[in-house]
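Here is the structure we will look at.
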Amino acid sequence: MDVIKISPRGYCYGVVDAMVIAKNASLDKSLPRPIYILGMIVHNKHVTDAFEEEGIFTLDGSNRLDILKQVDKGTVIFTAHGVSPEVRRIAEEKGLVAIDATCPDVTKTHNLILEMKEKGYHVIYIGKKGHPEPEGAVGVAPEIVHLVETEEDVKNLDIQSEKLIVTNQTTMSQWDVHDIMELVKEKYPHVEYHQEICLATQVRQEAVSEQAKKADLTIVVGDPKSNNSNRLAQVSEEIAGTKAYRIGDLSELKLEWLKGVNTVAVTAGASTPTPITKEVIRFLEQFDHEDPSTWTTEHNIPLKKILPKVKAKN
């Protein structure tokens, strides 16, 4: 089968940095144990499973404050998605060692919100409800940040302020953000724009929007909780016009999707381990509709191959 390996795809620098920070923590014998990650360090189950083998445990829950209630001692790692100042304060009050793996692009948004608060602004924040990144951003200044996800959310806004700015979650579809921003502009003509789609997300979406047009089908390799992975599938269908499926790894690929398909495009979310994506590509390249011996969708990547290699500190 012909395979279009969409480029760029896969890991972004924020994800790699977060994983290296957590991996270094696992090797640092001076850190108090146990070591916990507040939520998924990045949204990929293969990564969290690999860290568990390294002795770092992922705690999950509805929000970061609830997760933090589960921890009474040891070390906590804040994920790439960022956390609110309240989470940081409570971790300190509990006497926990805190390690910050927040993506620099997310930190930039937090700093923008703080700056706008000091200037007397209200902030309309476009993001996915229930996702940890908006949770942290809203938590920076909950009294002035208004989270919107849908057209209905914009209609329900009631902000009485001449100082108003609109920004967004870094991993949203740039087309979705544009549409919501236009609705906000209609309602509040005086609003200022500050689009925060991170460059890695933007170039991956643009690559899919162009390169997937040449394919009969797009496979996005990414975790179901990965917002940027889900958005890549959306971009393939809505912008490139190519049917797309998201899979966590090769074992989730269904052969019936490949019926009548001659060319398939493959991309991966920013939190998807490269070996997982390569395994999918290898399978598709050798796949033959007429040869059942090429039809086995068995995932065989060991967890020890998932995490980046770092040197132990002396």
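Placement of Cβ uses the backbone N, Cα and C atoms for every residue, glycine included.
Note that the structure is a prediction, hence the values are computed from the model and not measured.
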Given Swiss-Prot lists His43, His131, Ser226, Asn228, Ser271 for dimethylallyl diphosphate, the same-site residue among His81, His190: His81
Neighbouring C-beta atoms (10 Å sphere around the C-beta of Cys103 ([4Fe-4S] cluster binding site)): 25
Pairwise Cα distance for Ser271 (isopentenyl diphosphate binding site)/Cys12 ([4Fe-4S] cluster binding site) [Å, integer]: 7
Thr170 ((2E)-4-hydroxy-3-methylbut-2-enyl diphosphate binding site), number of other Cβ atoms within 10 Å: 29
Cβ-based neighbourhood (8 Å from the centroid) of the isopentenyl diphosphate site, residues His43, His81, His131, Ser226, Asn228, Ser271 excluded: Met40, Val42, Ala80, Glu133, Thr171, Asp223, Lys225, Asn227, Ser229, Gly269, Ala270
Those residues of the chain, 6+ apart, with a Cβ under 8 Å from that of Glu133 (active site, proton donor): His81, Gly82, Val106, Gly127, Gln169, Thr170, Thr171, Asn227
Additional residues around [4Fe-4S] cluster, ordered along the sequence, whose Cβ is within 8 Å of the centroid of Cys12, Cys103, Cys198: Tyr13, Gly14, Val15, Ala80, Pro104, Asp105, Val106, Thr170, Thr171, Leu199, Ala200, Thr201, Ala270
